[in-house]
Amino acid sequence: MEKTSMFSIHEGKPIRCKAAVSRKPGEALVIEEIHVDPPQAYEVRIKIICTSLCHTDVSFSKIDSGPLARFPRILGHEAVGVIESIGEHVNGFQQGDVVLPVFHPHCEECRDCKSSKSNWCARFADDFLSNTRRYGMTSRFKDSFGEDIYHFLFVSSFSEYTVVDIAHLVKISPDIPVDKAALLSCGVSTGIGAAWKVANVEKGSTVAVFGLGAVGLAVGEGARLRGAGKIIGVDLNPEKFELGKKFGFTDFINSTLCGENKISEVIKEMTGGGVDYSFECVGLPSLLTEAFSSTRTGSGKTVVLGIDKHLTPVSLGSFDLLRGRHVCGSLFGGLKPKLDIPILVDHYLKKELNLDSFITHELKFEEINKAFDLLVQGKSLRCILWMNK
């Protein structure tokens, strides 16, 4: 049997399937039957095998005003699937390929995509509000009443089937377990890449990571892979400290136990003047200031991964900048999805990269609201939701 034959019955036609739909802000997702249209030019339709969720999904499910408050919507942006059907002008992909949908675009054609200096995509990355990458607000999802459902970050993986533009698609080796591969769609890649590509952490260097969620722990894993000599984790939750050891963390600071001392002062004392690299993974301006102050004068580098939901301006000392400290942002860890995710997959297959420890729970897709609760309560790092288990 050809590997495409299992998909041919639905090719070119709408598919009925289950999806978890976010109907109203702050309310539980609703499992319902939807229709997923066939892919158009430069798109593929994917059968999702498994998906996970991160705090971005939780945050967007609660937004109740402004342009980001769109309902009904299918959330989800970390997943692995198999290509079910292909639209016109799709090159490099075929039915049956195992693929990773990624929120960050990589068109491979614009100036930035061709440059080694950036992972920005000048062609597509400025638009994160449309439903489909090349067709604006046109939706590929309809509910049982024929009403459109909004997409999310060009992925929408909380559905048995979804339609994704090839600029957001990475073909991966079928040898990697799909639950581990799903982690590379967003948070874990973001953290590893920040240490690997953005900071370019050197062997024997010192690192401080502020916030030990999945992204922060992944920064530690990336720093470990690069051979960092000391990796300091900063968090309010002491339970994260034991977990952090699995990802290479050597030292921990509970910020509530610092007394009158600033976190940056404690770090400077521990390292003899400050760390070579610091990473802010929470999104608090005050924490960014501390991360910046914790680095060495003359060469210290601070990488910003957290997003302040209020977009508050940050004030940094001009004299500190003048004396050689650096600060930079990091979107998706500086990774070019189509080039760098396969490299991370290869590291995992060679048993060099720890992905297994990020998965703390596995549930059926129908239990998705339980997964949300676990994440909000701080009991889950990454929960894998299986579509057909």
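Even glycines carry a Cβ here, placed using N, Cα and C.
Here the structure is a predicted model, which means the values were calculated and not measured.
If you look up Swiss-Prot, you'll see CYS54, THR56, HIS77, CYS186 marked as Zn(2+) 1 binding site. Classification of HIS77 (Zn(2+) 1 binding site) by DSSP places it in coil, neither helical nor stranded. Cβ contacts within 10 Å of HIS77 (Zn(2+) 1 binding site), excluding its own Cβ and spanning all protein chains shown: 26.
DSSP assigns ALA214 (NAD(+) binding site) to a helical segment in the three-state reduction. Within 10 Å of the C-beta of ALA214 (NAD(+) binding site) we count 24 further C-beta atoms, all protein chains included. According to Swiss-Prot, the NAD(+) binding site annotation covers THR56, GLY211, LEU212, GLY213, ALA214, VAL215, GLY216, ASP235, LYS240, LEU305, GLY306, ILE307, PHE332, ARG382, on the basis of similarity to another entry.
Positions annotated as alcohol binding site by Swiss-Prot, on the basis of similarity to another entry: THR56, HIS77.
The annotation Zn(2+) 2 binding site is assigned in Swiss-Prot to CYS107, CYS110, CYS113, CYS121 on the grounds of similarity to another entry. In the three-state DSSP scheme, CYS121 (Zn(2+) 2 binding site) is classed as coil.
In sequence order, HIS77, LEU153, CYS186 constitute the residues six or more apart from THR56 (Zn(2+) 1 binding site) in its chain with CB-CB distances below 8 Å. Other than CYS107, CYS110, CYS113, CYS121, the residues of this chain whose Cβ falls within 8 Å of the Cβ centroid of the Zn(2+) 2 site are, in sequence order, PRO105, HIS106, GLU108, GLU109, ARG111, ASP112, LYS114, TRP120, ALA122, ARG123, PHE124, ALA125, ALA167. Taking only the Cα positions, the spacing between CYS110 (Zn(2+) 2 binding site) and PHE332 (NAD(+) binding site) is 18 angstrom. For the binding-site residues given as CYS110, CYS186, LEU212, the lowest number of other CB atoms within 10 Å of the residue's CB is seen at CYS110.
In this structure the alpha carbons, written CA, of ALA214 (NAD(+) binding site) and CYS121 (Zn(2+) 2 binding site) are 25 Å apart. Secondary structure at THR56 (Zn(2+) 1 binding site), as computed by DSSP, is helix.
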